[in-house]
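The annotation ATP binding site is assigned in TrEMBL to Gly23, Ser24, Gly25, Lys26, Gly27, Thr28, Arg136, Lys179. According to TrEMBL, the feature ribonucleoside 5'-phosphate binding site maps to Arg49, Lys70, Leu71, Val72, Gly97, Phe98, Pro99, Arg100, Arg140, Arg151. Among the features that TrEMBL reports, CMP binding site is placed at Asn104.
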Amino acid sequence: MSQAGAFPPGKKITVVFVIGGPGSGKGTQCSKIVRHFGFTHLSAGDLLRQQVQSDTEHGAMIKNLMHEGKLVPSDIIVRLLLTAMLQSGNDRFLVDGFPRNEENRRAYESIIGIEPELVLFIDCPREELERRILHRDQGRDDDNVDTIRKRFQVFHDSTLPVVLYYDRMGKVRRVDGAKSADAVFEDVKAIFTQLLTTQVHSLTHIYLPFSPIDCSVLIKP
Ligand SMILES: Nc1ncnc2c1ncn2[C@@H]1O[C@H](COP(=O)(O)OP(=O)(O)OP(=O)(O)O)[C@@H](O)[C@H]1O
Ligand SMILES: Nc1ccn([C@@H]2O[C@H](COP(=O)(O)O)[C@@H](O)[C@H]2O)c(=O)n1
Ligand SMILES: [Mg+2]
């Protein structure tokens, strides 16, 4: 049963999925989008790392799966995303690093059920991805050569098919992630500007079922 009704009624919730290989720049671009467009950035990986750090019920299992570059059960990550969305009080969300596979996508549709407006796909060659991650000094347990290789395999085998699914729906906006972070954001900025302009335009064309003169028939003599 979808929890879409858990959001305040009458509030349009905008969800954008941000998908790309490990190290493609999802977090980097999401930080820029937040500053420029006022979205709430929900990093699936960060939500899971918080579970590990706070040693929750699933913390140990999540830690082991992340160390292996494997994906955690979809209901866990989807319920973490839902809780974060509801707690934020915002109505615009960047869901970073999700969905990662078909199971993620189906669990999201079943539990949250808010169709993404767009899927931002940050495309970047593998050699560049590996270079970035091995130079990234964030102390992540999964930024080692072995785990990186497994994460790449998951991205290729499980995540790219999800990008294809949304591409068939015309929802994917691809950017060249190999450019500089600022140059990538120029492309990202154009995509989000178009999205939000279209949304404002659609709101100003709300259909009124009757013209003002019709009201006269409702006024008792
Ligand atoms: N366009 C870019 N050019 C060069 N370096 C970049 C670019 N974008 C991000 N980086 C750097 O590459 C590393 C990975 O970036 P980031 O953490 O944003 O990627 P990510 O897609 O969120 O990765 P992960 O999936 O592992 O969380 C960081 O050190 C970041 O500073
Ligand atoms: N939908 C997801 C997203 C992430 N994970 C696990 O977290 C790891 C790190 O993700 P980043 O986006 O921060 O790179 C990822 O390798 C997975 O182990 C997940 O299980 N499901
Ligand atoms: Mg990231």
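We count from 1, first residue shown onward.
Each residue, glycine too, has its Cβ placed from N, Cα and C.
Given the structure is predicted, the values throughout are model-derived calculations rather than measurements.
Ranked by Cβ neighbours within 10 A across all protein chains shown, the binding-site residues Gly23, Gly25, Pro99 are led by Pro99. Of all the binding-site residues listed (Lys26, Arg49, Arg140), Arg140 has the fewest other CB atoms within 10 A of its CB. Within the set of binding-site residues Gly25, Leu71, Gly97, Asn104, Leu71, Gly97, Asn104 have a CB atom less than 6 Å from some atom of ligand 2. Lys179 (ATP binding site) sits 24 Å from Pro99 (ribonucleoside 5'-phosphate binding site), taking the CA atoms of both as reference points.
Ligand 3 lies under 6 Å from the Cβ of Gly27, out of the binding-site residues Gly23, Gly27, Thr28, Arg49, Asn104. Counting every protein chain shown, 21 other Cβ atoms lie within 10 Å of the Cβ of Leu71 (ribonucleoside 5'-phosphate binding site). A Cβ distance below 6 Å to any atom of ligand 1 is met by none of the binding-site residues Pro99, Asn104, Arg140. Across the fold, the C-alpha of Thr28 (ATP binding site) and the C-alpha of Leu71 (ribonucleoside 5'-phosphate binding site) stand 22 Å from each other. For the binding-site residues Thr28, Asn104, the ranking by surrounding Cβ atoms (within 10 Å, all protein chains) places Asn104 first. For Gly97 (ribonucleoside 5'-phosphate binding site), the count of additional Cβ atoms within 10 Å of its Cβ stands at 24 [all protein chains shown]. Taking only the Cα positions, the spacing between Pro99 (ribonucleoside 5'-phosphate binding site) and Lys26 (ATP binding site) is 13 angstrom.
Cα of Arg49 (ribonucleoside 5'-phosphate binding site) to Cα of Ser24 (ATP binding site): a span of 19 Å.
For the pair Lys26 (ATP binding site) and Leu71 (ribonucleoside 5'-phosphate binding site), the Cα-Cα distance reads 17 Å.
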